[in-house]
Protein chains: 2
Amino acid sequence: MVIGQKTMFVRTAGCDYSCSWCDSAFTWDGSAKEEIRLLTPEQIDAELRELGGGAPGHVTLSGGNPALLRQLGQLIELLHESGAAVALETQGSRWQDWFVAVDELTLSPKPPSSGMKTDWAVLDQIVSRLQDAGSRFSLKVVIFDEEDLRYAAGVHERYPAVPFFLQSGNDRLLEPDAGELLRHLQARYEWLVERVMAEPGWKQVRVLPQLHAWIWGNKRGV
Amino acid sequence: MVIGQKTMFVRTAGCDYSCSWCDSAFTWDGSAKEEIRLLTPEQIDAELRELGGGAPGHVTLSGGNPALLRQLGQLIELLHESGAAVALETQGSRWQDWFVAVDELTLSPKPPSSGMKTDWAVLDQIVSRLQDAGSRFSLKVVIFDEEDLRYAAGVHERYPAVPFFLQSGNDRLLEPDAGELLRHLQARYEWLVERVMAEPGWKQVRVLPQLHAWIWGNKRGV
(Lines of atoms letter the chains of each structure in order from A and count residues from 1; the text may use other names and numbers.)
(Lines give C-alpha, C1' and ligand atoms only; values in the text may rest on other atoms or scores of the structure.)
Protein backbone atom coordinates (compact mmCIF):
# COMPACT_ATOMS: atom_id res chain seq x y z
CA MET A 1 0.00 0.00 0.00
CA VAL A 2 3.01 2.31 0.19
CA ILE A 3 4.86 1.17 -2.94
CA GLY A 4 7.21 3.83 -4.27
CA GLN A 5 7.00 5.90 -1.08
CA LYS A 6 10.13 7.81 -0.21
CA THR A 7 10.77 6.44 3.26
CA MET A 8 13.39 5.57 5.86
CA PHE A 9 13.48 1.98 7.10
CA VAL A 10 13.85 1.04 10.73
CA ARG A 11 14.20 -2.70 11.17
CA THR A 12 13.64 -4.38 14.51
CA ALA A 13 15.56 -7.53 15.38
CA GLY A 14 13.87 -10.83 16.13
CA CYS A 15 11.01 -12.74 14.59
CA ASP A 16 8.48 -15.36 15.70
CA TYR A 17 8.61 -16.74 12.14
CA SER A 18 11.48 -18.15 10.07
CA CYS A 19 10.19 -18.03 6.48
CA SER A 20 12.16 -20.20 4.09
CA TRP A 21 12.57 -17.32 1.60
CA CYS A 22 12.92 -14.41 4.05
CA ASP A 23 14.89 -11.60 2.39
CA SER A 24 15.77 -10.05 5.75
CA ALA A 25 16.83 -13.17 7.60
CA PHE A 26 19.82 -11.24 8.97
CA THR A 27 17.37 -9.64 11.41
CA TRP A 28 16.71 -12.95 13.15
CA ASP A 29 19.13 -15.71 12.06
CA GLY A 30 22.17 -14.44 13.97
CA SER A 31 24.19 -13.65 10.83
CA ALA A 32 24.23 -9.91 11.62
CA LYS A 33 24.23 -10.19 15.42
CA GLU A 34 26.96 -7.60 15.81
CA GLU A 35 24.90 -4.96 13.95
CA ILE A 36 21.91 -5.15 16.31
CA ARG A 37 21.74 -2.10 18.57
CA LEU A 38 19.55 -1.24 21.54
CA LEU A 39 18.29 2.32 20.94
CA THR A 40 15.83 4.66 22.64
CA PRO A 41 13.14 6.36 20.52
CA GLU A 42 15.09 9.62 20.86
CA GLN A 43 18.27 8.00 19.57
CA ILE A 44 16.43 6.52 16.57
CA ASP A 45 14.83 9.86 15.77
CA ALA A 46 18.21 11.61 16.01
CA GLU A 47 19.84 9.08 13.71
CA LEU A 48 17.06 9.39 11.11
CA ARG A 49 17.48 13.19 11.11
CA GLU A 50 21.20 12.89 10.63
CA LEU A 51 20.92 10.33 7.82
CA GLY A 52 18.12 12.18 6.04
CA GLY A 53 19.35 15.72 6.49
CA GLY A 54 16.37 16.83 8.56
CA ALA A 55 13.14 15.47 9.99
CA PRO A 56 11.92 12.47 7.98
CA GLY A 57 8.60 12.77 6.16
CA HIS A 58 7.92 9.05 6.19
CA VAL A 59 9.28 6.14 8.23
CA THR A 60 8.64 2.42 7.70
CA LEU A 61 8.95 0.06 10.64
CA SER A 62 9.70 -3.49 9.65
CA GLY A 63 11.66 -6.43 10.95
CA GLY A 64 11.92 -9.16 11.83
CA ASN A 65 8.47 -8.76 13.32
CA PRO A 66 8.10 -5.30 14.86
CA ALA A 67 4.88 -6.47 16.52
CA LEU A 68 7.00 -8.35 19.08
CA LEU A 69 7.95 -5.01 20.67
CA ARG A 70 5.38 -3.59 23.05
CA GLN A 71 7.39 -0.38 23.52
CA LEU A 72 7.34 0.60 19.83
CA GLY A 73 4.34 2.84 20.51
CA GLN A 74 6.69 5.42 22.03
CA LEU A 75 8.76 5.60 18.86
CA ILE A 76 5.62 6.03 16.74
CA GLU A 77 4.46 8.84 18.99
CA LEU A 78 7.82 10.61 18.74
CA LEU A 79 7.92 10.25 14.94
CA HIS A 80 4.42 11.72 14.70
CA GLU A 81 5.54 14.65 16.84
CA SER A 82 8.40 15.15 14.36
CA GLY A 83 5.82 15.33 11.55
CA ALA A 84 6.53 11.93 10.00
CA ALA A 85 3.95 9.48 8.71
CA VAL A 86 4.59 5.93 9.93
CA ALA A 87 4.07 2.71 7.98
CA LEU A 88 4.47 -0.73 9.50
CA GLU A 89 4.63 -4.24 8.13
CA THR A 90 3.95 -7.38 10.15
CA GLN A 91 2.70 -10.90 9.46
CA GLY A 92 -0.29 -10.52 11.76
CA SER A 93 0.72 -13.11 14.33
CA ARG A 94 0.61 -10.72 17.32
CA TRP A 95 -1.53 -7.75 18.33
CA GLN A 96 -0.15 -4.55 19.83
CA ASP A 97 -2.33 -1.67 21.03
CA TRP A 98 -0.15 0.81 19.13
CA PHE A 99 -1.25 -0.75 15.80
CA VAL A 100 -4.07 1.80 15.70
CA ALA A 101 -1.53 4.66 15.79
CA VAL A 102 0.18 3.47 12.59
CA ASP A 103 -0.74 5.52 9.50
CA GLU A 104 -0.35 2.70 6.97
CA LEU A 105 -0.37 -0.82 8.38
CA THR A 106 0.30 -3.83 6.18
CA LEU A 107 -0.65 -7.27 7.42
CA SER A 108 1.30 -9.83 5.46
CA PRO A 109 0.27 -13.39 6.40
CA LYS A 110 2.71 -15.94 5.01
CA PRO A 111 1.67 -18.50 2.36
CA PRO A 112 2.55 -22.24 2.40
CA SER A 113 5.88 -21.80 0.54
CA SER A 114 7.21 -19.97 3.62
CA GLY A 115 6.89 -23.12 5.72
CA MET A 116 4.89 -21.15 8.30
CA LYS A 117 1.33 -21.76 9.60
CA THR A 118 -1.18 -18.93 9.88
CA ASP A 119 -3.02 -18.62 13.22
CA TRP A 120 -6.39 -17.57 11.82
CA ALA A 121 -7.94 -16.82 15.19
CA VAL A 122 -5.22 -14.23 15.90
CA LEU A 123 -5.44 -12.73 12.40
CA ASP A 124 -9.24 -12.54 12.64
CA GLN A 125 -8.95 -10.61 15.87
CA ILE A 126 -6.33 -8.21 14.51
CA VAL A 127 -8.40 -7.46 11.41
CA SER A 128 -11.57 -6.88 13.39
CA ARG A 129 -9.83 -4.61 15.92
CA LEU A 130 -8.30 -2.51 13.12
CA GLN A 131 -11.67 -2.29 11.40
CA ASP A 132 -13.36 -1.22 14.64
CA ALA A 133 -10.73 1.47 15.12
CA GLY A 134 -11.15 2.74 11.53
CA SER A 135 -7.45 2.14 10.84
CA ARG A 136 -5.93 2.52 7.39
CA PHE A 137 -4.58 -0.97 6.73
CA SER A 138 -4.27 -3.59 4.02
CA LEU A 139 -3.46 -7.23 3.47
CA LYS A 140 -0.55 -8.40 1.34
CA VAL A 141 0.46 -11.92 0.39
CA VAL A 142 3.80 -12.66 -1.26
CA ILE A 143 3.41 -15.30 -3.97
CA PHE A 144 5.92 -17.90 -5.10
CA ASP A 145 3.72 -20.64 -6.59
CA GLU A 146 0.21 -21.89 -7.36
CA GLU A 147 -0.38 -23.12 -3.82
CA ASP A 148 0.47 -19.66 -2.48
CA LEU A 149 -2.06 -18.18 -4.89
CA ARG A 150 -4.78 -20.50 -3.57
CA TYR A 151 -3.87 -19.51 -0.01
CA ALA A 152 -4.10 -15.83 -1.02
CA ALA A 153 -7.54 -16.38 -2.55
CA GLY A 154 -8.65 -17.77 0.81
CA VAL A 155 -7.30 -14.73 2.66
CA HIS A 156 -9.08 -12.35 0.26
CA GLU A 157 -12.31 -14.32 0.67
CA ARG A 158 -12.04 -14.26 4.45
CA TYR A 159 -11.56 -10.47 4.61
CA PRO A 160 -13.27 -9.18 1.45
CA ALA A 161 -13.57 -5.59 2.69
CA VAL A 162 -9.82 -5.13 3.29
CA PRO A 163 -7.70 -3.67 0.44
CA PHE A 164 -5.75 -6.62 -0.93
CA PHE A 165 -2.30 -6.83 -2.53
CA LEU A 166 -0.48 -9.70 -4.19
CA GLN A 167 3.26 -9.41 -4.59
CA SER A 168 5.52 -11.70 -6.58
CA GLY A 169 8.35 -12.91 -4.39
CA ASN A 170 12.08 -12.99 -4.99
CA ASP A 171 13.19 -16.64 -5.23
CA ARG A 172 16.76 -15.75 -6.26
CA LEU A 173 18.17 -14.24 -3.09
CA LEU A 174 21.69 -15.34 -4.02
CA GLU A 175 21.71 -13.97 -7.58
CA PRO A 176 24.60 -11.49 -7.63
CA ASP A 177 23.85 -9.98 -11.05
CA ALA A 178 21.20 -7.24 -10.83
CA GLY A 179 20.44 -7.36 -14.57
CA GLU A 180 19.89 -11.11 -14.49
CA LEU A 181 17.69 -10.75 -11.41
CA LEU A 182 15.65 -8.01 -13.13
CA ARG A 183 14.86 -10.26 -16.10
CA HIS A 184 13.89 -13.11 -13.80
CA LEU A 185 11.71 -11.01 -11.47
CA GLN A 186 10.00 -9.38 -14.43
CA ALA A 187 9.04 -12.83 -15.73
CA ARG A 188 7.76 -13.90 -12.29
CA TYR A 189 5.70 -10.73 -12.01
CA GLU A 190 4.28 -11.18 -15.51
CA TRP A 191 3.28 -14.75 -14.58
CA LEU A 192 1.40 -13.50 -11.53
CA VAL A 193 -0.34 -10.73 -13.48
CA GLU A 194 -1.47 -13.20 -16.17
CA ARG A 195 -2.79 -15.65 -13.54
CA VAL A 196 -4.81 -12.96 -11.79
CA MET A 197 -6.13 -11.51 -15.05
CA ALA A 198 -7.36 -14.94 -16.13
CA GLU A 199 -9.56 -15.47 -13.07
CA PRO A 200 -12.80 -13.49 -12.86
CA GLY A 201 -12.87 -14.30 -9.12
CA TRP A 202 -9.99 -11.88 -8.53
CA LYS A 203 -11.61 -8.45 -8.67
CA GLN A 204 -10.41 -5.54 -6.55
CA VAL A 205 -6.91 -6.94 -6.10
CA ARG A 206 -3.65 -5.08 -6.76
CA VAL A 207 -0.68 -7.06 -8.12
CA LEU A 208 2.77 -5.60 -7.53
CA PRO A 209 6.44 -6.50 -7.86
CA GLN A 210 9.05 -5.98 -5.13
CA LEU A 211 10.32 -2.80 -6.76
CA HIS A 212 13.35 -2.46 -4.48
CA ALA A 213 14.77 -5.71 -5.89
CA TRP A 214 14.17 -4.45 -9.45
CA ILE A 215 16.41 -1.50 -8.72
CA TRP A 216 18.93 -2.63 -6.17
CA GLY A 217 18.97 -6.37 -6.71
CA ASN A 218 19.86 -8.29 -3.56
CA LYS A 219 21.91 -5.46 -2.05
CA ARG A 220 21.33 -4.70 1.62
CA GLY A 221 20.95 -1.27 3.22
CA VAL A 222 19.09 0.28 0.29
CA MET B 1 -2.60 5.78 -6.85
CA VAL B 2 -3.99 2.58 -8.41
CA ILE B 3 -0.71 0.99 -9.54
CA GLY B 4 -1.01 -2.77 -9.92
CA GLN B 5 -4.82 -2.70 -9.75
CA LYS B 6 -6.55 -5.37 -11.82
CA THR B 7 -8.72 -3.17 -14.01
CA MET B 8 -10.42 -2.79 -17.38
CA PHE B 9 -9.50 0.27 -19.44
CA VAL B 10 -12.05 2.38 -21.28
CA ARG B 11 -10.38 5.04 -23.39
CA THR B 12 -12.28 8.06 -24.67
CA ALA B 13 -11.26 9.65 -27.95
CA GLY B 14 -10.14 13.23 -28.26
CA CYS B 15 -7.86 15.46 -26.22
CA ASP B 16 -7.38 19.19 -25.60
CA TYR B 17 -3.65 18.49 -25.25
CA SER B 18 -1.12 17.01 -27.67
CA CYS B 19 1.82 16.01 -25.47
CA SER B 20 5.03 15.40 -27.37
CA TRP B 21 5.56 12.03 -25.68
CA CYS B 22 1.92 10.87 -25.42
CA ASP B 23 1.84 7.06 -25.30
CA SER B 24 -1.82 6.98 -26.36
CA ALA B 25 -1.67 9.47 -29.22
CA PHE B 26 -3.83 7.10 -31.27
CA THR B 27 -6.78 8.40 -29.22
CA TRP B 28 -6.45 11.89 -30.67
CA ASP B 29 -4.01 12.03 -33.63
CA GLY B 30 -6.27 10.35 -36.19
CA SER B 31 -4.04 7.28 -36.58
CA ALA B 32 -6.75 4.95 -35.17
CA LYS B 33 -9.78 6.90 -36.47
CA GLU B 34 -11.48 3.73 -37.72
CA GLU B 35 -11.38 2.14 -34.25
CA ILE B 36 -13.28 4.95 -32.52
CA ARG B 37 -16.83 3.89 -31.71
CA LEU B 38 -19.82 5.79 -30.35
CA LEU B 39 -21.26 3.66 -27.51
CA THR B 40 -23.98 4.10 -24.91
CA PRO B 41 -23.16 3.40 -21.25
CA GLU B 42 -25.19 0.17 -21.52
CA GLN B 43 -23.17 -0.97 -24.55
CA ILE B 44 -19.88 -0.27 -22.76
CA ASP B 45 -21.03 -2.15 -19.66
CA ALA B 46 -22.14 -5.12 -21.79
CA GLU B 47 -18.82 -5.22 -23.61
CA LEU B 48 -16.84 -5.13 -20.35
CA ARG B 49 -18.90 -8.04 -19.00
CA GLU B 50 -18.28 -10.05 -22.13
CA LEU B 51 -14.53 -9.36 -22.20
CA GLY B 52 -14.07 -9.96 -18.46
CA GLY B 53 -16.35 -12.95 -18.06
CA GLY B 54 -18.73 -11.19 -15.67
CA ALA B 55 -19.24 -7.84 -14.00
CA PRO B 56 -15.94 -5.95 -13.70
CA GLY B 57 -14.61 -5.19 -10.21
CA HIS B 58 -12.63 -2.16 -11.32
CA VAL B 59 -12.75 0.09 -14.37
CA THR B 60 -10.30 2.83 -15.35
CA LEU B 61 -11.50 5.68 -17.56
CA SER B 62 -8.72 7.35 -19.48
CA GLY B 63 -8.19 8.98 -22.85
CA GLY B 64 -7.48 11.19 -24.56
CA ASN B 65 -8.96 13.42 -21.92
CA PRO B 66 -12.15 11.86 -20.53
CA ALA B 67 -12.95 15.17 -18.83
CA LEU B 68 -14.04 16.51 -22.22
CA LEU B 69 -17.19 14.35 -22.01
CA ARG B 70 -20.00 15.80 -19.94
CA GLN B 71 -22.09 12.63 -20.33
CA LEU B 72 -19.52 10.30 -18.73
CA GLY B 73 -21.37 10.64 -15.42
CA GLN B 74 -24.01 8.21 -16.70
CA LEU B 75 -21.40 5.53 -17.40
CA ILE B 76 -19.88 5.98 -13.93
CA GLU B 77 -23.32 5.61 -12.37
CA LEU B 78 -24.02 2.44 -14.33
CA LEU B 79 -20.62 0.93 -13.42
CA HIS B 80 -21.27 1.66 -9.75
CA GLU B 81 -24.65 -0.07 -10.02
CA SER B 82 -22.79 -3.09 -11.44
CA GLY B 83 -20.57 -3.06 -8.34
CA ALA B 84 -17.40 -1.74 -10.01
CA ALA B 85 -15.03 0.80 -8.54
CA VAL B 86 -14.12 3.54 -11.03
CA ALA B 87 -10.76 5.23 -11.46
CA LEU B 88 -10.16 8.14 -13.81
CA GLU B 89 -7.10 9.95 -15.10
CA THR B 90 -7.11 13.44 -16.53
CA GLN B 91 -4.63 16.31 -16.87
CA GLY B 92 -6.80 18.69 -14.87
CA SER B 93 -7.56 21.15 -17.66
CA ARG B 94 -11.37 20.86 -17.40
CA TRP B 95 -13.85 20.35 -14.57
CA GLN B 96 -16.84 18.02 -14.74
CA ASP B 97 -19.43 17.69 -11.98
CA TRP B 98 -19.16 13.90 -12.14
CA PHE B 99 -15.52 14.10 -10.91
CA VAL B 100 -16.86 13.75 -7.35
CA ALA B 101 -18.46 10.37 -8.24
CA VAL B 102 -15.08 8.86 -9.24
CA ASP B 103 -13.60 6.52 -6.62
CA GLU B 104 -9.93 7.18 -7.45
CA LEU B 105 -9.24 10.32 -9.43
CA THR B 106 -5.74 11.11 -10.69
CA LEU B 107 -4.93 14.64 -11.81
CA SER B 108 -1.87 14.52 -14.01
CA PRO B 109 -0.74 18.02 -15.00
CA LYS B 110 1.83 17.88 -17.79
CA PRO B 111 5.43 19.08 -17.26
CA PRO B 112 7.43 21.27 -19.68
CA SER B 113 8.79 18.35 -21.75
CA SER B 114 5.24 17.71 -22.97
CA GLY B 115 5.17 21.07 -24.75
CA MET B 116 1.91 21.91 -22.96
CA LYS B 117 1.09 24.83 -20.63
CA THR B 118 -0.71 24.31 -17.32
CA ASP B 119 -3.69 26.59 -16.64
CA TRP B 120 -3.11 27.03 -12.91
CA ALA B 121 -6.39 28.85 -12.29
CA VAL B 122 -8.33 25.86 -13.64
CA LEU B 123 -6.21 23.34 -11.73
CA ASP B 124 -6.56 25.36 -8.50
CA GLN B 125 -10.32 25.30 -8.87
CA ILE B 126 -10.45 21.55 -9.59
CA VAL B 127 -8.27 20.74 -6.57
CA SER B 128 -10.29 22.91 -4.24
CA ARG B 129 -13.62 21.52 -5.45
CA LEU B 130 -12.38 17.95 -4.96
CA GLN B 131 -11.11 18.83 -1.49
CA ASP B 132 -14.42 20.44 -0.58
CA ALA B 133 -16.25 17.30 -1.73
CA GLY B 134 -13.95 15.03 0.29
CA SER B 135 -12.98 13.15 -2.89
CA ARG B 136 -10.26 10.50 -2.95
CA PHE B 137 -7.81 11.96 -5.46
CA SER B 138 -4.11 12.43 -6.07
CA LEU B 139 -1.67 14.34 -8.24
CA LYS B 140 0.79 12.65 -10.57
CA VAL B 141 3.51 14.18 -12.72
CA VAL B 142 5.34 12.16 -15.36
CA ILE B 143 9.05 13.03 -15.39
CA PHE B 144 11.42 13.02 -18.34
CA ASP B 145 14.13 15.48 -17.27
CA GLU B 146 15.41 17.92 -14.64
CA GLU B 147 13.11 20.70 -15.77
CA ASP B 148 10.11 18.38 -15.32
CA LEU B 149 11.30 17.62 -11.81
CA ARG B 150 11.43 21.32 -10.96
CA TYR B 151 7.91 21.72 -12.35
CA ALA B 152 6.74 18.78 -10.20
CA ALA B 153 8.30 20.34 -7.08
CA GLY B 154 6.21 23.44 -7.80
CA VAL B 155 3.02 21.38 -8.12
CA HIS B 156 3.74 19.58 -4.84
CA GLU B 157 4.42 22.90 -3.12
CA ARG B 158 1.21 24.41 -4.47
CA TYR B 159 -0.97 21.53 -3.21
CA PRO B 160 0.98 20.10 -0.23
CA ALA B 161 -2.02 18.27 1.24
CA VAL B 162 -2.73 16.21 -1.89
CA PRO B 163 -1.09 12.73 -2.17
CA PHE B 164 1.67 13.18 -4.70
CA PHE B 165 3.18 10.73 -7.22
CA LEU B 166 6.15 11.03 -9.54
CA GLN B 167 6.37 8.63 -12.45
CA SER B 168 9.31 8.16 -14.76
CA GLY B 169 8.15 8.48 -18.36
CA ASN B 170 8.75 6.23 -21.33
CA ASP B 171 10.93 8.11 -23.84
CA ARG B 172 11.37 5.09 -26.14
CA LEU B 173 7.90 4.69 -27.61
CA LEU B 174 9.32 3.13 -30.78
CA GLU B 175 11.58 0.56 -29.11
CA PRO B 176 10.30 -2.79 -30.42
CA ASP B 177 12.35 -5.00 -28.08
CA ALA B 178 10.66 -5.41 -24.67
CA GLY B 179 13.87 -6.60 -22.98
CA GLU B 180 15.82 -3.61 -24.23
CA LEU B 181 13.01 -1.29 -23.13
CA LEU B 182 12.94 -2.90 -19.66
CA ARG B 183 16.65 -2.21 -19.12
CA HIS B 184 16.24 1.38 -20.28
CA LEU B 185 13.12 2.11 -18.20
CA GLN B 186 14.70 0.54 -15.13
CA ALA B 187 17.66 2.92 -15.48
CA ARG B 188 15.34 5.93 -15.94
CA TYR B 189 13.35 4.91 -12.85
CA GLU B 190 16.52 4.45 -10.82
CA TRP B 191 17.66 7.94 -11.85
CA LEU B 192 14.39 9.43 -10.63
CA VAL B 193 14.52 7.51 -7.33
CA GLU B 194 18.08 8.68 -6.70
CA ARG B 195 17.20 12.31 -7.48
CA VAL B 196 14.24 12.29 -5.09
CA MET B 197 16.19 10.50 -2.34
CA ALA B 198 18.94 13.11 -2.52
CA GLU B 199 16.61 16.07 -1.85
CA PRO B 200 15.34 16.51 1.71
CA GLY B 201 12.62 18.78 0.30
CA TRP B 202 10.85 15.77 -1.22
CA LYS B 203 9.10 14.14 1.72
CA GLN B 204 5.75 12.37 1.39
CA VAL B 205 6.19 11.68 -2.34
CA ARG B 206 5.78 8.31 -4.04
CA VAL B 207 8.02 7.51 -7.01
CA LEU B 208 6.77 4.89 -9.44
CA PRO B 209 7.59 3.38 -12.83
CA GLN B 210 5.06 2.83 -15.61
CA LEU B 211 4.71 -0.86 -14.75
CA HIS B 212 2.65 -1.72 -17.85
CA ALA B 213 5.60 -0.81 -20.08
CA TRP B 214 7.91 -2.97 -17.96
CA ILE B 215 5.71 -5.95 -18.72
CA TRP B 216 4.21 -5.37 -22.10
CA GLY B 217 6.69 -2.96 -23.66
CA ASN B 218 5.10 -0.67 -26.23
CA LYS B 219 2.32 -3.09 -27.15
CA ARG B 220 -1.18 -1.68 -27.43
CA GLY B 221 -4.40 -3.19 -26.04
CA VAL B 222 -2.78 -4.60 -22.90
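Cβ atoms are placed via backbone N, Cα and C, with glycine included.
Taken from TrEMBL, the feature domain 'Radical SAM core' applies to A:2-218.
Among the features that TrEMBL reports, substrate binding site is placed at A:R11, A:S62. Under the three-state DSSP scheme, A:R11 (substrate binding site) falls in the strand class. Neighbour density for A:R11 (substrate binding site): within 10 A of its CB lie 16 other CB atoms from the protein chains shown.
As annotated by TrEMBL, [4Fe-4S] cluster binding site applies to A:C15, A:C19, A:C22. Sequence-distant neighbours of A:C15 ([4Fe-4S] cluster binding site) (same chain, 6+ residues apart, CB-CB distance under 8 A): A:C22, A:T27, A:W28, A:G63, A:G64, A:N65, A:L68.
Around the Cβ of A:P109 (S-adenosyl-L-methionine binding site), a 10 Å sphere holds 26 further Cβ atoms from the protein chains shown. Under the heading S-adenosyl-L-methionine binding site, TrEMBL lists A:W21, A:C22, A:D23, A:G64, A:S108, A:P109, A:K110.
The 10 Å shell around the Cβ of A:S24 (Mg(2+) binding site) contains 16 further Cβ atoms across the protein chains shown. Look at TrEMBL and you will find A:S24 tagged as Mg(2+) binding site.
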Quiz item: Tell me, which binding-site residues from A:R11, A:S108, A:P109 are within 10 Å of A:S24 (Mg(2+) binding site) if we use the C-alpha atoms?
Solution: A:R11
